[in-house]
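Enquirer: For reference, TrEMBL lists these features for the protein:
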{"type": "DOMAIN", "residues": "9-452", "note": "domain 'Major facilitator superfamily (MFS) profile'"}
{"type": "REGION", "residues": "478-507", "note": "region 'Disordered'"}
{"type": "TRANSMEM", "residues": "57-78", "note": "transmembrane segment"}
{"type": "TRANSMEM", "residues": "90-111", "note": "transmembrane segment"}
{"type": "TRANSMEM", "residues": "117-138", "note": "transmembrane segment"}
{"type": "TRANSMEM", "residues": "150-168", "note": "transmembrane segment"}
{"type": "TRANSMEM", "residues": "180-201", "note": "transmembrane segment"}
{"type": "TRANSMEM", "residues": "266-287", "note": "transmembrane segment"}
{"type": "TRANSMEM", "residues": "302-324", "note": "transmembrane segment"}
{"type": "TRANSMEM", "residues": "331-353", "note": "transmembrane segment"}
{"type": "TRANSMEM", "residues": "359-386", "note": "transmembrane segment"}
{"type": "TRANSMEM", "residues": "398-419", "note": "transmembrane segment"}
{"type": "TRANSMEM", "residues": "425-448", "note": "transmembrane segment"}
Amino acid sequence: WSVSLIVASLTGAFGSSFLYGYNLSVVNAPAGYIKKFYNETWVRRYGFSMDEGTLTLLWSITVSIFAIGGLVGAIIVTPIVKFFGRKCTLVLNNVFAVAAALLMSLSSLAGSFEMLILGRIIMGVDAGISLSALPMYLSEISPKEIRGSLGQVTAIFICIGVFTGQVLGLPEIFGQESRWPFLFGAIIVPALIQAVILPFLPESPRYLLLEKHNTSKAEKAFQRFLGKDDVSHEIEEVLAESRVQRNTKMVSILQLLRTRAVRWQIVTVVITMGSYQLCGLNAIWYYTNNIFSESGIKQETIPYVTLSTGAVETLAAVFSGLVIERLGRRPLLIGGFGLMVVFFGVLTVSLTLQSTVHWLPYLSIFCILAIIASFCIGPGGIPFVLTGEFFQQSQRPAAFMIAGTVNWLSNFAVGLLFPFIQAGLQTYCFLVFAGICFAGATYLFFVLPETKNKTFHEISQAFAKRNKVTLEMQEMNHYPGERKSSEEQESNFTSSADNGETKKGIV
């Protein structure tokens, strides 16, 4: 835990995953004022009020269009991180955040709800890029002993972003009709902070060594991130991988999908990411006020009750970051989904019977808080960590693109369809999400191996039998043109290191 490692993770997360979380919750508090703005704009243009169905559809599009932008960002991130690198991608990505903030904050002044919708799309592009580039960057700069904890920084800052959006949305701050544009203008602050600090930190040393073949810069980056002068062991490890990958180009999505040796890794990432979004938590974030209103909570109390959800989420994410290297990924992920099934079931009963028992609305609030805590303990951040751990360097950009595509399509589906699911199923709507959580937990119980403190070679070994390939075949699939097993390569590399070749390579 060097100073540079801490600053890189905090700055990267503040300008990236923080903004993603912030934009999930920021539309919740001013929803009524924004709908009023939409209607007034419509009346001014066409001379008559918008009907309720049109307004609901337009509002659903405003909420869910963020995910379409995210999908675009996830698709374009692969060539960007290949060309510019991980760190530079995060820095350049702030252009989208600033442009989106200006469009959304000035939409009311310009009398154009189209500007708000366009700003949401652009902000989604920023989130789509950052949610792939940031976990990639963090997984490549961290030692394997703290890779899980550092990876959880992404989830923690998503939660802090959600909580900040709720705080700023309080009536005493920006949660007023005249001030709601400031909620969107505040996005500029994290973006500018990241743009100023991140350029002074090193690029990913693995990217520099394996993709740019710049040993001297990689050595300096390792020294900064690890906080020590002697990084020969780390350089040796990555050079061994570099040697194996010498004849390997970056893998495309189609090539990755055709690689039998990673078939179950891809399936696991797709199901984990799909469950992450379809488990219903984003529905709670997008429509918290509406859910609490349906639960019988007084209108003036709702913003403060909503605030408790963000606080619980942040505390649960921090707890997960502290215990992930002790308990491992598997129990946290499966346990989190399992607890969500239980609390979704109780929430359904509570919402159904709340008109008959006066204290049941409080049980509904407890269930929502428990669902959020269960999500953040495991499912909230571990899917991003697993995507970085399942695949080696040449496959990672394509893998994150697949994961990002599933992530954002699922996000869009929830944001667009939840109001209609809620209208159709009423209090039983959350049983849909309970079913998804149960299916995800069941799959992970039978398929997911523990990846804590394991190298890529060891994780590949865990999947080899399920992929129906021998480990030797698996390595040939990963590294075409190389037929040596990793044990032979380690042996050869050690002997060359003894002869001073590695030292020359480092110099």
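Cβ coordinates come from backbone N, Cα and C, glycine included.
Automatic, uncurated: that is what TrEMBL annotation is.
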Enquirer: Could you tell me what the rest of the chain brings near the transmembrane segment (150-168), counting residues at least six beyond its ends with Cβ under 8 Å?
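Expert: Those are 5, 9-10, 13-14, 16-26, 28-29, 131, 134-135, 138-139, 141-142, 174-175, 182-183, 186, 285, 303, 306-307, 309-311, 313-314, 316-318, 320-321, 324, 376, 380-382, 384-385, 388, in sequence order.
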Enquirer: Taking contact to mean 3 or more CB pairs closer than 8 A (sequence separation of 6 or more), are the transmembrane segment (359-386) and the transmembrane segment (302-324) in contact?
Expert: yes
Enquirer: Quickly jot the same-chain residues contacting the transmembrane segment (117-138) by Cβ under 8 Å, restricted to those at least six beyond its ends, or write none.
Expert: 8-9, 12-13, 15-17, 19-20, 23, 61-62, 65-77, 80-81, 86-87, 89-90, 93-94, 96-97, 99-104, 107, 150-151, 153-154, 184, 187, 204, 384-385, 387-388, 396-397, 400-401, 403-404, 407-408
Enquirer: Spell out yes or no: are there three or more C-beta pairs under 8 angstroms between the transmembrane segment (425-448) and the transmembrane segment (180-201), with each pair 6 or more apart in sequence?
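Expert: No, since the transmembrane segment (425-448) and the transmembrane segment (180-201) share fewer than 3 Cβ pairs closer than 8 Å, they do not count as touching.
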Enquirer: In the same chain, which residue numbers or ranges, 6 or more beyond the ends of the transmembrane segment (398-419), come under 8 angstroms Cβ to Cβ?
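Expert: Those are 56, 60-61, 63-64, 66-68, 70-71, 73-75, 77-78, 124, 128, 131-132, 135-136, 250-253, 255-257, 265-266, 269-270, 273-274, 276-278, 280, 282-283, 286-287, 383-384, 387-388, 390-391, 429, in sequence order.
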Enquirer: Using a cut-off of under 8 Å between C-beta atoms, tell me which stretch among 57-78, 90-111, 302-324, 331-353 contacts the transmembrane segment (180-201) the most.
Expert: 90-111
Enquirer: Which sequence positions outside the transmembrane segment (302-324), separated from its termini by at least 6 residues, show Cβ-Cβ distances below 8 Å to it?
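Expert: For the transmembrane segment (302-324), the nonlocal Cβ contacts are 25, 28-29, 148-149, 152-153, 155-156, 158-160, 162-167, 169-171, 175, 284, 288-289, 292-293, 332, 365, 368-369, 372-378, 380-382, 385, 452.
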Enquirer: Who are the long-range neighbours of the transmembrane segment (90-111) in its own chain, taking Cβ under 8 Å and residues 6 or more past its ends?
Expert: 12, 15-16, 19, 37, 41, 44, 73, 80, 84, 118-120, 122-123, 125-126, 129-130, 133-134, 137, 180-182, 184-188, 190-192, 194-195, 198-199
